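Below is one structure, written out as structure tokens; the observations come after it.
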Amino acid sequence: MTGTRAAFRLSLSALRAHKRRFAGTFLAVLLGVSFLAGTMVMGDTLRANFDTLFVDANTGTDAVVRSADVIDAGQGGGVREPVRASLAGRLGKVPGVAAAVPSVQGAGQLIGSDGKPVGGQGPPTLAGNWITDARLNPYHLVEGSAPTSEHEAVINRGAAKKGGLKVGDTAVVRTPDPLRVRIVGIATFGGADGMGQVTFTALTLPTAQKYLTTGPDRASAIQVRAASGVSQREVADRIAPLLPKGSEVLTGQRATQENQDEVSGRFLGVFTTLLLVFAGIALLVATFSIHNTFAIVVAQRTRENALLRALGASRRQVVGSTLAEAVAVGLVSSLAGLLGGVGVALGLKALFPALGFGMPTGGMVITTAAMAVPLAVGVTVSVGSALVPAVRAGRTAPLAALRETAVDRSGASWKRAAAGAVLGAAGIALAVVGASGSPQVPVTATGAVLVVIAFVVLGPVASTAAVRVLGAPLPRLRGVTGALAGRNALRGPKRTAATATALMVGVAVVTLFTVFGASLKATMDRTVDRSFAGDVAITTPAFGAGGSGLSPRLAPAVGELPQVRESVGLGKGVAKVDGGGRELTVTDPRRLANVIDLGSVRGSLDGLGTGGVAVSRGEAGKHGWHLGSTARLVFADGQRQPFTVRAVYERGDLSGDYLITRRAWAPHRVQDRDTLVAVAFKDGVSLGAGRAAVEKTAAGYGHPDVQDRAEYAKSAARGVDLMLSTVYALLALAVLIALLGIANTATLAVHERTRELGLLRAVGQTRSQLRAMVRWESVLVAAFGTVGGLGLGAFLGWALVRAADSAGTSAFAIPVPRLGVVLLVGVVAGALAGLRPAGRAAKLDVLKAIGVE
Amino acid sequence: MTAAARVVDAAKVYGSGETEVRALDGVSVDFPAAGFTAIMGPSGSGKSTLMHCAAGLDTLTSGSARIGDVELSGLTDKQLTVLRRERIGFVFQSFNLVPTLTVRENITLPRDLSGRPADPEWIDALVDVVGLRDRLHHRPSELSGGQQQRVAVARALAGRPDVVFADEPTGNLDSRSGAEVLGLLGRAVHEMGRTAVMVTHDPVAAAHADEVLFLADGRLVDRMPEPTAERVLDRMKAFDGRAPGARRTPQEVGP
């Protein structure tokens, strides 16, 4: 027991004596834990705030009646068949029901005062009816009045702010048919500016039905308020027997729960998972840095540990004292990290509204898990990283006390080289096999993990060669100072590799995403290039669940223009095929081939009628369909209808996998809208002239974008840049931690080379030469890490693109300029990391440095 | 005879008040060009401080130090560094060589740092004098202690400096290796016309010099031209009466 205490006392005094050496470790853990804790706290807070918001907004609704069937084709939530609005009248007479009102909701995008669409970059842009029963309406007027005529609307405060709209302004709502309205009121949702970022335009019930549904008696749902003293359960039970087949009733609580789950699952879930993944990467990078620090410190302390062993300390006591140091560092920095995490969450919460991301307000929610998990992770990372160095410290022979200061200069063993080579070869083979032929993501992923491990294992083997190559120009550039920097980087191959590995991991992830993004863009370019046979495309650029699409009347109107040879609109429908939701393309299949190249077509696109469908070759293969086969489609209204496969076409990348006629879709439609109008000009019509004419016509339909082929390809890939910017921002922390690691190693190296630095100064090295020497060494290490990361990331990117490409249509692209920037950033950052250690080295007093034992 | 280096009224004070230590207390001395001067004295006599200040490694509290006709006080760190590089050679007791550089690179290091390449014929000649031609591409860790000090002497002479300052150059060597190093310094002075200043507490080493200066308590107390080991030892014994001086016993020192 006393032995343990002695070991602990030793480690504490060691920590006190070498605070500076652990500064880097401390910061690495602190940053990683802050990121992790911040993410968890923010996720919990947002979730709780959204939950409160929905409870507040829906508090007056006791029951909701809607169609039971839902089809989810992957994007923007499920699609339900409307119910009869007249049902509300009947339900209103049920005893115990105080009010029952129809609720209509559809896509409707506002155009702001600047003429640009409001929102649409992710969250839904909705329009619906203004529910006149104030307690049933989740929105509450804070200004103006409710709409009373077809050309009046209430909008939520968030949309008003974003679009620069106020009461009395005139605006256009794309429903998608443009509807010109006067803003008569501004409303809040459960006390907030809106339901998160969702925009909402409220019209009168008849207007909403006219523009957002396909008939006058339709509603998305019926909202019911119970009389006082009647519970939600009771009112739901009383309504249930009166409902037509295919409808369901759920309590207000259940409906609120669904709203909450939807936001948590669809938005917050993705958001927090993404952040957690990057917090994990940051902590992984931190692990490398911390391990390296402990390895160096233990090596530097060999004499001290040997003396302890000679004086009678047991192996366990030496190991224990090193581990106790790790625990202390981990604990202190993790606790500081928790504080930092709460700070990060607070900062982000304040930052989001400033960036235009209105989030529901409310207090911070700090759960036990959000504190305990990051703390545990932080301590585990510290102790785990110190484990191997601690065991090595325990193995110190007492005799080592008598030797010269031992520094770990051990190079790479042949065992390491062999193991790394085998791992690497196996990994590359698996990745390549999984990526070629019929792609298999799990095989490639396994290979990718092996390759990463091989890179880490091979680091020390590769570092010597890599530093020699990278450092080759240094002597010519910087003379003997450069040569010394290069030699110094070669001194401890293990150390150089471990330092560089942290950066390598960060850079590899950056590169992976960069390559993946560029390949996505290249794929879009190629798709448009190959499959888009028209001259211009009319779209309403939107992202995720946003946007309202195009009026179905636009395509025929454009078709009337004298410059236009062909104008075809493509709408979206959904149906279940073999139990899974599928998107259908609703269009005129016969004319579609004039503007979109479907590749070779077997069968005929003519006369699909109401019972025929054209299917892409890939999809037909999956279901085993041939010409004449029967495809059973189930629509949102519950109708199942057999379709005959009348044509099978080669390429569905632009047109979608199922083509049906508008007449076939008409009975099942919910809100008429096209997502794309493809236009081809007549021979001899210039792009400029044709485009101007199309733009003029389109202006009358809510100003959608008219794009030439290049612009269309670019806008289709716009989400990629957004994704990349987010990823870069999230990876910045991991890269920062890696650079701290480089700085830390440089500081430790300066410490152990004190006498040598003193000698150099004595025989005539100037301070600036000394600084340059230290800086160049860290530049070399950073360059090694960056180049390794670029190579690793590019390979993993290639494997990922190929493995994820089951249709064989993806392009692979290496964005050289962008990766050049990554390289430059890595090297410059290396110089920055060396700045402080270089400054400290230059401040050394020559005489003291030479005299140091 | 002109002075290659000189100090006038040199004083060096550490601390202040109660804890004030006067490491040098008004020392004036000329180190004649093409001469080999040894500085001796008991521990704490100020001999190392004198050398460090004369060589521009440390600064005087008051008084003047010159290399040739350059006054050292008032020079910036950069100017001092360049001066050391261009006009002074150093040999320390240990850790004289940069472990990552080869023998040849270590010898030319000061020249390389200045960016002006060393005179290859001169380096060639030096290599032969120190007898390390077959070791030129070895690293310091592959050399014996004596060989390392010979490399250090070669490095100190590589730039044809005005003065070579040697701080206990034989302190870590056995007597044979020590004699080799001292022989090299002597040849540098007498055959190549260099100037050497050496701090030592070894009477045998001091006997290689043309003149021995004795310091005690920060003052120059005696000078001995054409010294022999016996006379130096006798002179040092006089100090031993007052304070423990040289660490070595006479038996160890004897020839």
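Any Cβ shown, glycine's included, is placed from N, Cα and C.
Since this is a predicted model, take the numbers as computed values, not measurements.
Here is what TrEMBL says about this protein:
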type	residues	note
TRANSMEM	A:21-42	transmembrane segment
DOMAIN	A:23-240	domain 'MacB-like periplasmic core'
TRANSMEM	A:267-297	transmembrane segment
DOMAIN	A:277-396	domain 'ABC3 transporter permease C-terminal'
TRANSMEM	A:318-346	transmembrane segment
TRANSMEM	A:366-388	transmembrane segment
TRANSMEM	A:417-436	transmembrane segment
TRANSMEM	A:448-470	transmembrane segment
DOMAIN	A:496-696	domain 'MacB-like periplasmic core'
TRANSMEM	A:497-520	transmembrane segment
TRANSMEM	A:727-750	transmembrane segment
DOMAIN	A:729-845	domain 'ABC3 transporter permease C-terminal'
TRANSMEM	A:779-800	transmembrane segment
TRANSMEM	A:812-835	transmembrane segment
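Among the recorded stretches A:23-240, A:277-396, A:729-845, the one sharing the largest number of Cβ pairs closer than 8 Å with the domain 'MacB-like periplasmic core' (A:496-696) is A:729-845. Under 8 Å from some Cβ of the transmembrane segment (A:727-750) lie the Cβ atoms of residues 20-21, 23-25, 27-28, 31-32, 35, 274-275, 278, 281-282, 284-286, 288-289, 292-293, 296-297, 300, 488, 495, 499-500, 502-503, 505-507, 509-510, 513, 757, 774, 777-778, 781-782, 785, 829-830, 832-838, 840-841, all in the same chain and six or more residues away from its ends. The highest tally of CB pairs under 8 A with the transmembrane segment (A:318-346), across A:21-42, A:448-470, A:779-800, is held by A:21-42. Against the transmembrane segment (A:779-800), the recorded stretches A:267-297, A:366-388, A:417-436, A:812-835 differ in Cβ pairs under 8 Å, and the greatest number is found for A:812-835. Within the chain, the transmembrane segment (A:448-470) has long-range Cβ neighbours (under 8 A, six or more residues past its boundaries) at 411-412, 416-417, 419-421, 423-424, 426-428, 430-431, 486, 489-490, 493-494, 496-498, 500-501, 504-505, 508, 780-781, 783-784, 787-788, 792, 795-796, 799-800. Residues 18, 21-22, 24-25, 28-29, 31-33, 35-36, 39-40, 42-43, 46-47, 50, 123, 196, 322, 326, 377, 381-382, 384-386, 388-390, 392, 408, 494-495, 498-499, 501-503, 505-506, 509, 726-727, 730-731, 733-735, 737-738, 740-741, 744-745, 748 of the same chain, all 6+ positions outside the transmembrane segment (A:267-297), place their C-beta atoms under 8 angstroms from a C-beta of that stretch. Proximity of distant same-chain residues to the transmembrane segment (A:417-436), defined by a Cβ-Cβ separation under 8 Å and at least 6 residues beyond the stretch ends, is recorded for 442-455, 457-458, 461, 795-796, 798-799, 802-803. The domain 'ABC3 transporter permease C-terminal' (A:729-845): residue composition by secondary structure is 96 helix, 0 strand, 21 coil, according to DSSP.
As a summary of secondary structure, the domain 'ABC3 transporter permease C-terminal' (A:277-396) carries 100 helix, 0 strand, 20 coil according to DSSP. The average pLDDT computed for the domain 'MacB-like periplasmic core' (A:23-240) is 88.
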